[in-house]
Amino acid sequence: MYSDYDSILQRLKQGKLWDFPGGVHPPELKDLSNQKPIETIPMPKTLHVMVKQHIGVEGGLLVTEGDRVLKGQALTHSTNPFSVPVHAPTSGYVARIAQHVSAHPSGLPELAIDITTDEFETWAPRQPILDYQQKPKAKIIEAICNAGISGMGGAGFPTHIKSSPKKDVEFLIINGVECEPYITSDDRLMREHAWQIRQGIDILVHLLSPKLVIIAVEDNKPEAIEAMQVACQENAKYRVISVPTKYPAGGEKQLIQILTNREVPGHGLPIDVGVIMQNVGTCFAIADAIFTGTPLIRRVVTLTGKAFKRPQNVWAPIGTPISHLLDIGHYKQHKQRAKKLIMGGPMMGFEIVDDEVPVVKITNCILAPAASEIQQPAAEQPCIRCSACADACPASLLPQQLFWHSQAKEYEKASELNLFDCIECGACAYVCPSEIPLVHYYRVAKADIRSQEQEKAQADKARIRFEARKERLEREQKEREEKHARAAEARRQAMSEKGNDAKDKIAAALARAKAKKQANSTQADIVEPDSQATSTHSNAEPEQSATTSKQDKVAAAIARAKAKRAAAKADNNNESTEQATSTDSSTESQQSETTSKQDKVAAAIARAKAKRAAAKAQSDAVKTDSESTANGDSAIQNPPTANEETQSSAVDESAAPTKQDKVAIAIAKAKAKREAVKKAQQAEKEATLPDSNTTDAQETNTVAAQHSDEVEQKTAKQKAVAAAIAKAKAKKLANAKTDELAQNQPKSSTQDSAETAPPTERSQTPEKLTATQLRKQKVEAAVAKAREENRLKKLKREQKNTETKKTNQKKDES
């Protein structure tokens, strides 16, 4: 646990400080350059303004080649929170935007803006903020960022980031220690511009609200300490502390430990221990930006070393080539064995590879040592494990082990030994008796590790993108498969439903056809002659056996046979005849209204009983059997007659069936007539010719009615006309048949003289007919007419039912 604020404050009031481990005391040699005030140098002809001069990201370009720029004009703009712009140090023209040698130990080229200066130094418009205390803090921070201010103590961290911390600040430390030998830029700045530094501190206090402000100055700078005390004496919150001279006391972590006894954790920041640290040069730049609106376009640079004839501190514009500064300091190369220029101090600086390297925002010194000042490094010797480096390390590291791992490129082990906690102060190399450039190995190892981490980060990013893409493709593939599966399932379901509908429709159609066929078969069984029923009982036709059961056919045939036999023995009775006629008419009407099989059988039985009663009524009129026999023989020899065929064709024409139906009707009529002849012989010629004609006419009408429901193409009007024509033809043929039978009666009696029979009612001429016979013929004509009307009504009903069925069937199919 680090020390609390009160204990730290009490110790500071007592003038007591803490110390850090390690450290060295190299020769200071500061008096070479701190004896003269800061000099303003002439503007060079060309400035090389590096686009990136800080830790973070470079800004975006605002100018192009050939553009005229003004002094203080922004050349880039911030594109990232860790980005600050750079500005034109003077007016002129953009000569080139290209790569230029950088102010870095490697000397690798970086993007730079070359400006050809003019002699006018025309300023761009400036916007000072005099009443900063009444402005929002965000606006002050934005102004600091737009001024391009970054840490000027060496790290180059963007100042506006430090000025807006997320944690509370207890101590604001202003670093004026400047512990590096030879360097006196901060010393001269504090001597000459203490008041402006104080203004910069005031702005930071306004932004950070610290509990205490500590201005730390090394005790080898008494003039600077006095100047800062005078500038800060009005504010008791500001304390100027003299720090013992020890290298590297100016290091951030080391100075915090000296003043507060708090140690910044590894990979941590000073704000983690409640401290914010700024350089005195940064405070001066902040005051210049807020109160005058001047961006960071220049800084104090120390020109020192015995190779300079005139070592001094100068105001060097940003982008000034080192060669121009060498001319200002009267650099004498003959005082060196070889040209050797160091940017920075002798402990932490690096040797530049080209004197065209420009001044950047963190450049604080150009050292040109004579041969007598800094000896040439001797040849590197093997490590003797003396541990002098470990004793001198201010970060309490193990320089020897770090050297071994760095040399062997065992970077993981070096990282485990906290390689990145090394501040590269050079104390270890300064004390090494083997002349090993330890810091050089550490810098190379850090650069390699950063490169590997960057490559790893890029690889991880690529891997993440690849995995995300792979996952996306797999997800899309899965979605497509699921979509296809759903579509296939929907198609299967639709096909299944469609198939079920088709099957249901087919089944319904088959059921209707079967029911229709069964109804037709049942009606045919009812109306066909007794002989066909008997034949059906003995040898059933294949078409009928497929639609009706065998037992029903046999029962119907037996009922019809019994009815015929009973009719042969019945007496001729006029009242019974009228009753039979009425019963037959009512039975025909009942048959047309019933559709079930049981109703049709009942109707057949009723008609059989009516025939039996009619036969009884006709038996009284029969005189002999000869005529009956002759008529039976004639029927056997000539089945069927021309009139009957004509009558049947007329009925068929009225029905208008198809060609196949016509053939079937003709075959059925022929079979019925043939069976009727056979039945007449078996019944011992009990049926008379008129009965046979009546039976044929009834059969013909029944067959026509049976197939009338299959007629689908004729309209109702055509069918009605055809029915009327058929009715007229039937009446005409009936009259012709009666006349023909009357004419053929003598011939039949002559041929069959052995067996004579009394003439029937239809075979006798009108002159020979009795009153009873005439009345009977009238009754028969009335019955025939009633039957014909009933048949036409039945045809109309069936046509209407057929049309209704077709309409319903079309609706089902749609």
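Positions of Cβ are set from backbone N, Cα and C atoms, glycine also.
As written in TrEMBL, here are the features:
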BINDING   CYS383, CYS386, CYS389, CYS432  [4Fe-4S] cluster 1 binding site
BINDING   CYS393, CYS422, CYS425, CYS428  [4Fe-4S] cluster 2 binding site
COMPBIAS  474-506  compositional bias 'Basic and acidic residues'
COMPBIAS  531-549  compositional bias 'Polar residues'
COMPBIAS  627-651  compositional bias 'Polar residues'
COMPBIAS  673-688  compositional bias 'Basic and acidic residues'
COMPBIAS  690-705  compositional bias 'Polar residues'
COMPBIAS  741-754  compositional bias 'Polar residues'
COMPBIAS  761-774  compositional bias 'Polar residues'
COMPBIAS  785-814  compositional bias 'Basic and acidic residues'
DOMAIN    373-403  domain '4Fe-4S ferredoxin-type'
DOMAIN    413-442  domain '4Fe-4S ferredoxin-type'
REGION    474-814  region 'Disordered'
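Sequence features annotated in TrEMBL and their locations in the structure.
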residue	record	DSSP (3 states)
CYS383	[4Fe-4S] cluster 1 binding site	coil
CYS389	[4Fe-4S] cluster 1 binding site	helix
CYS422	[4Fe-4S] cluster 2 binding site	coil
CYS428	[4Fe-4S] cluster 2 binding site	helix
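Comparing C-alpha positions, CYS422 ([4Fe-4S] cluster 2 binding site) sits nearest to CYS389 among the binding-site residues CYS383, CYS389, CYS432. When other Cβ atoms within 10 Å of the Cβ of CYS393 ([4Fe-4S] cluster 2 binding site) are tallied across all protein chains shown, the result is 23. The separation of CYS428 ([4Fe-4S] cluster 2 binding site) from CYS386 ([4Fe-4S] cluster 1 binding site), Cα to Cα, is 11 Å. The binding-site residues under consideration are CYS386, CYS389, CYS428. Their Cβ neighbour counts within 10 Å are lowest for CYS386. Rounded to a whole value, the Cα-Cα separation of CYS432 ([4Fe-4S] cluster 1 binding site) and CYS393 ([4Fe-4S] cluster 2 binding site) is 11 Å.
By a simple count of nearby Cβ atoms, those within 10 Å, the most crowded of the binding-site residues CYS383, CYS422, CYS425, CYS432 is CYS425. In this structure, the CA atom of CYS389 ([4Fe-4S] cluster 1 binding site) is 4 Å away from the CA atom of CYS428 ([4Fe-4S] cluster 2 binding site). Nearest by CA distance to CYS383 ([4Fe-4S] cluster 1 binding site), out of the binding-site residues CYS393, CYS425, CYS428, is CYS428. Taken through DSSP, the compositional bias 'Basic and acidic residues' (785-814) splits into 29 helix, 0 strand, 1 coil. Surrounding the centroid of the Cβ atoms of CYS383, CYS386, CYS389, CYS432, where the record places [4Fe-4S] cluster 1, the chain contributes additional residues within 8 Å, namely ILE384, ARG385, SER387, ALA388, PRO399, GLN400, CYS428, VAL431, PRO433, SER434, ILE436, LEU438. Sorting each residue of the compositional bias 'Basic and acidic residues' (474-506) by its DSSP state yields 33 helix, 0 strand, 0 coil.
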